[in-house]
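Q: Checked TrEMBL, it gives:
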BINDING   K121, G185, T214, G215, S216, D377  FAD binding site
BINDING   G249, G250, G251, Y252, I253, A254, V255, E256, G336  NAD(+) binding site
DISULFID  C112-C117  disulfide bond
DOMAIN    64-392  domain 'FAD/NAD(P)-binding'
DOMAIN    412-521  domain 'Pyridine nucleotide-disulphide oxidoreductase dimerisation'
Amino acid sequence: MMIDWSNHEEGEGGTTIQGRSGFYSNKRRRRFSSICSITMARKMLIDGEAELGKGGEEGASFDFDLFVIGAGSGGVRAARFSSNYGAKKVGICELPFHPISSETVGGVGGTCVIRGCVPKKILVYGASFGGDLEDARNYGWELSEKVDFNWKKLLQKKTDEINRLNGIYKRLLSNAGVKLFEGEGKIVGPNEVEVTQLDGTKLSYSAKHILIATGSRAQRPNIPGQELGITSDEALSLEEFPKRAIILGGGYIAVEFASIWRGMGSTVNLVFRKELPLRGFDDEMRAVVARNLEGRGINLHPRTNLTQLVKTEDGIKVITDHGEELIADVVLFATGRAPNSKRLNLEAVGVELDNTRAIKVDEFSRTNIPSIWAVGDVTNRMNLTPVALMEASCFAKTVFGGQPSKPDYRDIPCAVFSIPPLSVVGLSEEEAIEQTNGDVLVFTSTFNPMKNTISGRQEKTVMKLLVDAETDKVLGASMCGPDAPEIIQGIAVALKTGATKAHFDSTVGLHPSAAEEFVTMRSVTRRVTGSAKPKTNL
């Protein structure tokens, strides 16, 4: 997603966004791995802690063993774990707290906690009650025809929760002995950082190791009137509930906000450039999500882009590249995120960036400057909160724990918190066909959830397993339907351990549940080869 926008240090997680607007495939992960410095990685593994733990000049004295710039999920995890592994002096800096980020405000907890997966998931819960109330009538609940929704009340509850979490993150740092600085950090040398405090005072510190964990920021398209639109930051803090919303984008954030606002009663138009939303996911599951969005009353505009926004007395007029005109109270740009690296002074120090301004790192999250490291969205590897946590944990183990550790990007589950949600782990059908030498067995199950048999809601759950025909290994699993993320998290453990279809078949189902379908799919839906074009049954 979220987008993970997911999983924070305390409490329940969400997806996925921290997100980029697309899903990062295994193919892209391999491309990333292939450009890492193999020579450096081998040398590090041979030399172990003696090589990886080196940062500054031997024998030099530093103010900090580690200084982290950015106190989001990855930065906080790295600082805490490094301290626990024995780093004697750890510092971290973060911009002052504000729900809407900019170059001068941010907050401890970062995107996920303050303006990402956590507040998003709260709004998803709030929106889900809209459909639940409709379904409740056939379960005997006598409800009035008009049920009021109080957006400002939910918004205040959301704000209270992110303020609480912001405080928790600060206490986590304090309890770990990490020194927190509030202000803007930048690098002025291989072992020197500068923090500009709120009053403009500049503080300089030396550090044996510097870790950059500044995340990413939402982007706006370069079209006339773009200043009339908003990003996901503002969408989570709107003063007034939008009765008419237009969303540009087809990724995590776009699909999730379409579900949120529609679930709360808004008229929603979702505009995206491809034939289906969620580019990069399994095509069959993308079609399921699109059908569900339409079934919930969201107006889809595929193969469409926006060319102009104009302010009118009736609202914001949007003009598409097909010449269509739409009117909305809010226009949300969910068109991707970019690494937050502009104000770090990286070029002056010599840290290498790619063409998106993402920081280039090796397999251990180390930059071309031996004392400078980077984790999370700012490296643009796989932009999910749990992945940033993994990268941060590996960094701490490598540098301060004496355990050289590379992040493992295989079989990472993710979720799109649409209503109902989509969740996947492993390969999509398209990826499996591309990457497997032999045949791929596709197992699918489409059914009406038990809850819907009474409520009368016409919305199918779809599950899918991809199996290597030669080895019987399960290559991927996906599900679109209620509780999909909770179920796929368990399936992810199975894939991580190398489970086969025989393992699934020999597992006794938990009845009655939707999850049991994953262990009762006996008949092959289709068998495809590496050179065949995948077909869907939708």
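Glycine residues also receive a Cβ, built from the backbone N, Cα and C atoms like all the rest.
Note that the coordinates shown come from a computational prediction; the quantities given were computed from them, not determined experimentally.
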Q: So for C117 (disulfide bond), how many other CB atoms are inside 10 Å of its CB?
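A: A 10 Å sphere around the Cβ of C117 (disulfide bond) contains 35 other Cβ atoms.
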Q: Listed NAD(+)-binding residues G249, G250, G251, Y252, I253, A254, V255, E256, G336 - what's their greatest C-alpha to C-alpha distance in Å?
A: 14
Q: Run through the Cβ atoms and count how many others sit within 10 Å of the one on G215 (FAD binding site).
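A: Neighbour count, Cβ to Cβ under the 10 Å cut-off: 29.
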Q: Round to the nearest Å and give the CA-to-CA distance linking I253 (NAD(+) binding site) with K121 (FAD binding site).
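A: Counting only the Cα atoms, the answer is 11 Å.
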Q: Measuring Cα to Cα, how far is G185 (FAD binding site) from V255 (NAD(+) binding site) in Å?
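A: A Cα-Cα distance of 34 Å.
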Q: Given the FAD binding site residues K121, G185, T214, G215, S216, D377 in the record, what is the largest Cα to Cα distance, rounded to whole Å?
A: 30
Q: Using the alpha carbons only, what distance in Å do you get between K121 (FAD binding site) and V255 (NAD(+) binding site) once rounded?
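A: On Cα coordinates alone, these residues lie 13 Å apart.
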Q: Taking the Cβ of each of the recorded positions and counting other Cβ atoms inside 10 Å, which one has the highest number: C112, V255?
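A: Highest number of other Cβ atoms within 10 Å: C112.
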Q: Nearest to V255 (NAD(+) binding site) by Cα distance: which of the recorded positions C112, C117, T214, G215, S216 is it?
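A: In terms of Cα distance, V255 (NAD(+) binding site) lies closest to C117.
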Q: How does the model score the domain 'FAD/NAD(P)-binding' (64-392) in terms of mean pLDDT?
A: 96
Q: Within 10 Å of each Cβ, count the other Cβ atoms, then let me know which of the binding-site residues K121, G185, S216, G336 comes out lowest.
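A: Across K121, G185, S216, G336, these binding-site residues, the one with fewest Cβ atoms within 10 Å is G336.
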Q: Could you tell me how many residues in the domain 'Pyridine nucleotide-disulphide oxidoreductase dimerisation' (412-521) are helical, how many are strand and how many are coil under DSSP?
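A: Result for the domain 'Pyridine nucleotide-disulphide oxidoreductase dimerisation' (412-521), in helix, strand, coil order: 36 helix, 33 strand, 41 coil.
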Q: Provide the number of Cβ atoms within 10 Å of the Cβ of T214 (FAD binding site), excluding the reference atom itself.
A: 28
Q: Across all chains shown, how many C-beta atoms besides its own are within 10 angstroms of the C-beta of G251 (NAD(+) binding site)?
A: 27
Q: Starting from the Cβ of I253 (NAD(+) binding site), draw a 10 Å sphere and report how many other Cβ atoms land inside it.
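A: There are 34 such Cβ atoms around I253 (NAD(+) binding site).
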Q: Report, in whole Å, the straight Cα-to-Cα distance of G336 (NAD(+) binding site) from S216 (FAD binding site).
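A: That comes out at 10 Å between the alpha carbons.
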